[in-house]
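Annotated in TrEMBL:
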- 257: active site (ACT_SITE)
- 266: active site (ACT_SITE)
- 318: active site (ACT_SITE)
- 52-358: domain 'Polysaccharide lyase 8 N-terminal alpha-helical' (DOMAIN)
- 401-641: domain 'Polysaccharide lyase family 8 central' (DOMAIN)
- 654-719: domain 'Polysaccharide lyase family 8 C-terminal' (DOMAIN)
């Protein structure tokens, strides 16, 4: 084995260390063993325990990655660089962050039992010299950020550096260790503060990430004050918020950057950091207490969005454009975090989580967990899979309305459907750091259908899909420029949200105010046990451009599957049936589309490559023509339906209303409606009335009616609902619901768009 730095670079002299005399001293007398135990626990989470031949392939993969880093190491002080492809002269490239990530990869190979380089003093010596080089040329306390991304300086490098030092700890000179960590005193001194922007108080994932770095620095330097500072910062994160702004909400929403849903990106980072901090500091003087809310956060904020181990893209924000970070990467991190939490979770949670995770692992054979996860977590996963006492859990089912982030998820046993909306509270799409350049319509009612094809959303979809024809959206075809850094759009309407009943049915609605266009529309979705009914009304524009509603745009990989078409319906084999409920025609486009990840993400450390990739698409659109005026659409999506079921479906559901005042459907004793303002909908049993804006779902079973009501507009203090049947009494219900003569009055004034439910006798 060769060690390039040993051959190519002389050891940096002691003069470089002479100035390092001052160092934080522990704030409290804590035994050395406490620091070492916590640090060793962290290393075991990263590198695993003793070598197990059962994981020889995984161990070889770790070794191969580390050896590749070592083999390509070619220090060039004059340039300067450690690797030829990562010059370090301009921090704006982010190469210094990448360099520290490579050092972490090398350190992981050194610390992982069973690798050829495990504990090799020559590799440790090479790593020491490389870290000296990086300190000297790329990251030290006196450098200027020079307009580069604050994240690299305050979270990215601190996390990679502290991981590297923890992994290499037994092979490092401790005076050098302190020297390399000196920059963190400047760039990451406090988890709650942003050095580059002193007025910013860190929240969510950013605070959790900084807490990891601060805690690790404290453990590495035996500074109890730092570890306590990190613990306290994380403890504060465990509380839910009522908003507005960042944090976890009681309904499961997670917001980052003030207005963006981010359960599947920043939220995942938060969960990973918190789970590992809890595990690392367990049974130590800094044990994180009061962590019950973390378990609830898993149930409310993550489980609804994980489909067979994949994280739904509707809550991944701008991360969908990152070639190297797809839905299965985020899903893997959630699985890893839950496995970590399971070690100490109360049995009430563990009893549910074990089958749940086993189901995720078992069903996702498209991207097996072991191909992505770290060795230690793979061992935990395999132990769970091998445990005969734990059954394989079924897919999560239910209807989830996340009123605090304008998202709705509807989950059935064999499929799931998500809706991404926006309003004056929630941004339509985030663009930052030259990422998500074509995400213009991802928050304009885009719909996400998940089926047994677990590669649909991650198989090169984002660079190849037509960004002007995202499923569920109503758009004009105007040419768009790339989204600019920091560009934020909050549509000037409060209308977005929905309601769920019995965890099986739901309604969602948003008022579309298009970006840079006169296009306006009222869009509604009704979520049933076997279908999603989509209605649109008031579709109006005056810009001289064609307007379309996209029923479907399906990535079918390397082929066009069979497509059947009948009078008012279409069926795409292996995906779904589509029934047109208003007699309108639909246009079908079958094409091969080619794109590059670089076209949608040009970020310094996230940018995609320029390789052209091609995928087949079947697109179904309803054409509203040029400058439509009060146009409409009505269609049903029937996931997994047969051709015969699709052909017969139009007779199963009745569209009761589809106008700018109300949209409603009925089927088999179920009524669901969106009242955009006070109005009446005629049903087979009589009129259904609301005296204000609301979404509602009504289900009758003999003399009992279950009712769920919400106000997505958040403008009504109280809404009176008059049912088609005379109301005799209230059986039970939420606070703020009462009977008045033949109607039900529902207080919604302080509900923040959340639902009120009740049961009445009729």
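Every residue gets a Cβ built from N, Cα and C, even glycine.
Neighbour list (residue 257 (active site), Cβ cut-off 8 Å, at least 6 residues apart, same chain): 246, 430, 432.
The residues of the domain 'Polysaccharide lyase family 8 C-terminal' (654-719), classed with DSSP into helix (H, G, I), strand (E, B) and coil, number 0 helix, 44 strand, 22 coil.
If you measure from the Cα atom of residue 266 (active site) to that of residue 318 (active site), you get 10 Å. Here residue 318 (active site) comes close to 265, 429, 430, 431, 432, 435, 436, 439: these same-chain residues lie at least six apart in sequence, with C-beta atoms under 8 angstroms from its C-beta. The Cβ of residue 266 (active site) has 26 other Cβ atoms within 10 Å, all protein chains considered. Confidence over the domain 'Polysaccharide lyase family 8 central' (401-641), given as mean pLDDT on the 0 to 100 scale, stands at 97. A coil conformation is recorded for residue 257 (active site) in the three-state DSSP classification, outside any helix or strand.
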